[in-house]
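Noted in TrEMBL for the protein shown:
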- THR231: active site, nucleophile (ACT_SITE)
- ARG259, VAL260, GLY261, ASP262, THR282, GLY283, ASP284, GLY285: substrate binding site (BINDING)
Amino acid sequence: MFVFGRNSIIFNQTGSTDIYASNRNQFKFQDAISKTKSNVNKAQVEDSFQELVINTWSFSNATKAGWNVLQKTHSALDAVEIGCMQCEIEQCDGTVGYGGSPDETGETTLDAMIMDGPTHDVGAVGDLRRVKQAISVARAVMTHTTHTMLVGDAATSFALEMGFPESNLTTMKSRQIYENWRGANCQPNFHRNVTPDPKKFCGPYKPIPSRNTDRVEATANKYISKDNHDTIGMIAIDSKGRIAGGTSTNGANHKVPGRVGDSPITGAGAYVEQGVGGAVSTGDGDVMMRFVPSFHAVMLMSSGMKPDAAAKTAVAKIINKYPQFSGALLAVDMNGNMGAACNNIDGFPYTYRTSKDSEVKTVTVKCSHSNS
Ligand code: ASP
């Protein structure tokens, strides 16, 4: 028996996972139901599917970690958990895991989710504090509760109850990012319609009572870029044709405390549908979660659209309302066809490996550029 990270995944001698046994049983049950449905693709219940791990950005170590686990446990869920965990450990781009994107008080908080295609079950955490293993806590929410998402300090309490260690997510680097931001009069800043002027001064803020705030101008967050704002979004398909997806991020730099981005929201940060495919997103989550673009892309694929066109259509819907939007969407179908679309970033790389490949590959997509 060996252990990854904490006791998140425990492999016994046969290579099967012990603590997620209930999930396996759930899958067998779902499998049995699926077999009775006339529209089920026979290949989905056979052990012959083309395996796949694909993720946002050039986080190739995460792809490798997911792929290696897929070869050992043949579980798409395990691959997504371990792949995302790799980025949490490596602090990919400083925007996944501990020590990045300090909020207005200097604290790093984490968002993560995991979704299982066969059961359509989801576990997620938002604004998770003082626990590094966000994707594994998300999986524990799925495995050990009938809820979908836990947030904030209560999510931390749950994590500790489940045996995850408590630790400080602040590093010298995140402390420095925070100090620099304070030194620059708290710029950039996510507040609006408050006093003192949040474009010039630090808080605390009070609402401007005289202003008509019934309808404020819809704006995207202009200063989001690939350098300060990424998420690992990963999709895996195992040899049984089971699809899983997940995300992990420390969100937006200098966010208002309590802010939860799109990443842990089902259909926004990630979405998978058994027999159809999956999609994951990265970028300006405050805008993206208003459009649930991962759900949108998967729905388009379910009506016959190819992943590339589905990703483009879902992103175009966002740009239509928010031309300043910056972000990307990655989509894949059950046959391993993949596609991505992105806006207002220089280029969007994604990384993958399938059973046809002997190594991890990276593709960089050209992005559209729009503004108003
Ligand atoms: N979408 C994430 C968020 O808004 C961050 C990112 O992917 O850039 O929290």
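Any Cβ shown, glycine's included, is placed from N, Cα and C.
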Cβ atoms near GLY283 (substrate binding site) (within 10 Å, other residues, all chains): 31
Close-lying binding-site residues around ligand 1 among ARG259, VAL260, GLY261, ASP262, THR282, where CB distance stays under 6 Å: GLY261, ASP262, THR282
Mapped DSSP class for GLY285 (substrate binding site), helix or strand or coil: helix
For substrate: widest Cα to Cα gap among ARG259, VAL260, GLY261, ASP262, THR282, GLY283, ASP284, GLY285 in Å: 16
Lowest local Cβ density among THR231, THR282, which the record lists as recorded positions, within 10 Å: THR282
ASP284 (substrate binding site), number of other Cβ atoms within 10 Å: 25
Separation of alpha carbons, the residue listed as 'active site, nucleophile' and ASP262 (substrate binding site) (Å): 10
Candidate binding-site residues VAL260, THR282, ASP284, GLY285, pick with smallest Cα gap to THR231 (active site, nucleophile): THR282
For ARG259 (substrate binding site), the number of other Cβ atoms found within 10 Å of its own Cβ: 18
CB within-chain contacts under 8 A for GLY285 (substrate binding site), separation at least 6: THR231, GLY251, ALA252, GLY261, ASP262, SER263, ALA268, GLY269, GLY327
C-beta crowding around ASP262 (substrate binding site), within 10 angstroms: 31
Cβ neighbour count within 10 Å of GLY261 (substrate binding site): 27
